[in-house]
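Look at TrEMBL and you will find 182-484 tagged as domain 'Phosphofructokinase'. Among the features that TrEMBL reports, ATP binding site is placed at Gly189, Arg253, Gly254, Gly278, Asn279, Gly280, Thr281. Residues annotated as Mg(2+) binding site in TrEMBL: Asn279. Marked as site 'Important for substrate specificity' by TrEMBL: Gly280. The substrate binding site feature in TrEMBL is assigned to Thr307, Ile308, Asp309, Met352, Gly353, Arg354, Glu408, Tyr460, Met461, Ile462, Arg463. If you look up TrEMBL, you'll see Asp309 marked as active site, proton acceptor.
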Amino acid sequence: MDALLPAIKPGLVHSPASTFRDHAFLFFGSGRPVNNSNLIRIPKIMKVKAVAHKQSSTASSAPSIDFSDPDWKSKYQQDFEARFNIPHITDVLPDAVSYPSTFCLKMRTPLSPDFAERYPSDEEWHGYINNRDRVLLKVIHYSSPTSAGAECIDPDCTWVEQWVHRAGPREKIYFKPEEVKAAIVTCGGLCPGLNDVIRQIVITLEIYGVKKIVGIPFGYRGFSDESLAEMPLSRKVVQNVHLSGGSLLGVSRGGPSVSEIVDSLEERGINMLFVLGGNGTHAGANAIHEECNKRQLKVAIVGVPKTIDNDILFMDKTFGFDTAVEEAQRAINSAYIEAHSAYHGIGIVKLMGRNSGFIAMQASLASGQIDICLIPEVPFNLHGPHGVLSHLKYLLETKGSAVVCVAEGAGQDFLEKINATDASGNIILGDIGVHIQQETKKYFKGIGFPADVKYIDPTYMIRACRANASDGILCTVLGQNAVHGAFAGYSGITVGICNTHYVYFPIPEVIAQSKVVDPNSRMWHRCLTSTGQPDFV
């Protein structure tokens with residue numbers, strides 16, 4: 001992926017506080033600042049020029065709004081609509097022709113190969129989404145910036161409606177199915193549900209009438225490595241792939257340049273590309289989309305957000321997350337049994353979460369067995385009268401055992417920096433789990449207090465398993481809507497679930513930064529209520 005990132009146009013990166021979503025403007029609230037050192041630089045559209053009454057400490061470089069302007073709200077809404085308008089192939093190819101959709105559930109017999117540009121059924125079907133349908137991005141009207149989890153645009157927490165595009169099949173399509181060659185690629189690390197999404201993309205493409213479907217092996221690398229042949233896909237091939245974890249197509253990080261990838265798309269005759277991956281992968285997908293536009297190619301590039309960490313902006317959740325939380329229960333329960341069965345037992349479990357602690361937080365809530373939950377968004381001390389180790393001693397004295405859940409990205413300040421990155425450009429983290437284990441043993445040995453410490457790291461077990469029922473449903477609908485979006489002529493978009501509804505987002509808006517846990521959110525407060533832990537500062 002590092003080869004792809006330089007192709008993304010530089011621009012201003014917005015820096016909102018914590019999980020504040022509308023990153024083009026200032027927000028007022030009490031969320032903890034996020035670390036913006038790894039943000040991707042992207043182009044932006046900005047129409048509002050203004051001066052704010054006060055400025056968030058995390059938004060010093062972000063543009064602000066003149067709240068004395070009586071029209072500030074309408075200007076904000078206009079800018080939001082412009083930024084979240086999803087790209088369409090007619091933006092570059094205004095003469096692109098539309099056709100009546102071949103997707104109609106009124107008729108369940110196979111389509112004729114000589115489709116004559118008409119509805120598959122003579123009956124009118126009311127299953128299409130109107131292009132003007134929208135979904136409300138936020139549904140809570142906070143009355144005060146001091147409300148738990150408040151996300152406010154102005155100091156008065158004015159309610160501003162923000163609408164995003166509803167996903168689903170359209171009545172008009174911009175590709176003839178018999179002329180489509182669709183490709184699917186899975187990038188980054190493994191995640192439960194990859195095969196489910198692949199399967200549903202293939203099935204939905206076939207329902208539209210597409211005959212040429214291929215998988216690109218081992219991520220973006222498959223576009224340039226001549227030893228990796230594309231994999232023909234059909235319903236027969238993918239029928240049972242969702243019954244196992246991993247990716248039918250394989251995954252990898254890094255890859256060739258954007259120009260080489262688009263050259264490969266042209267050579268292979270691919271005009272629909274479905275990209276399954278996280279922020280870095282989506283940055284590459286957006287760069288591919290822009291390069292296709294530059295060459296005026298009629299190609300639809302559609303992303304499906306894949307991150308076990310649940311750290312994609314605006315999304316209720318990403319596929320694989322529910323499965324990860326469920327699988328983490330096994331490790332947590334094992335740690336609890338080990339700790340509870342030992343004299344002064346301590347169980348430590350490290351879960352995934354580089355920049356966001358959603359898995360650790362939700363897994364701690366679900367288990368009811370965690371005494372201390374540590375996440376990247378909330379600073380903590382190990383030593384000292386208010387540190388984690390002191391609280392562990394208190395727990396052993398009062399209840400006899402303790403269980404700690406820590407996200408992999410937490411407490412990195414305690415570890416030696418190695419200044420290395422993986423092929424996707426991610427900083428290689430130190431092992432905070434091992435560090436806490438060692439410091440815990442050292443601490444209790446130093447004070448002559450017997451303690452039996454057990455450490456469990458289920459990282460790869462969690463991400464390599466099959467998707468559970470909840471994620472299976474999410475993957476199925478995401479795969480279907482990705483195909484609907486491509487046939488509708490949209491490109492440079494990603495599909496997600498927002499306030500329980502499925503929507504399309506322009507890729508640059510969702511990759512501006514990672515979504516993180518807001519320490520002032522109700523969910524984090526619920527976690528603290530469950531664990532009973534104090535502030536470790």
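Using the three backbone atoms N, Cα and C, a Cβ is placed for every residue, glycine included.
TrEMBL annotations: computationally assigned, not manually curated.
Counting only the Cα atoms, the space from Asn279 (ATP binding site) to Glu408 (substrate binding site) is about 18 angstrom.
Arg463 (substrate binding site): 20 other CB atoms within 10 A of its CB, across all protein chains.
Counting every protein chain shown, 25 other Cβ atoms lie within 10 Å of the Cβ of Gly278 (ATP binding site). Whole-number maximum of the Cα to Cα distances across the ATP-binding residues Gly189, Arg253, Gly254, Gly278, Asn279, Gly280, Thr281: 13 angstrom. Taking only the Cα positions, the spacing between Gly189 (ATP binding site) and Thr307 (substrate binding site) is 9 angstrom.
The two recorded residues Thr307 (substrate binding site) and Gly278 (ATP binding site) have their Cα atoms spaced 5 Å from each other. Rounded to the nearest whole angstrom, the C-alpha distance between Gly278 (ATP binding site) and Asp309 (substrate binding site) is 10. Between the two most distant C-alpha atoms of the annotated substrate binders (Thr307, Ile308, Asp309, Met352, Gly353, Arg354, Glu408, Tyr460, Met461, Ile462, Arg463) there are 17 Å. Counting every protein chain shown, the Cβ of Asn279 (ATP binding site) has 29 other Cβ atoms within 10 Å. For the pair Asp309 (substrate binding site) and Gly280 (ATP binding site), the C-alpha distance works out to 14 angstrom. Ranked by how many other Cβ atoms sit within 10 Å of their Cβ, the binding-site residues Asp309, Glu408 place Glu408 at the bottom.
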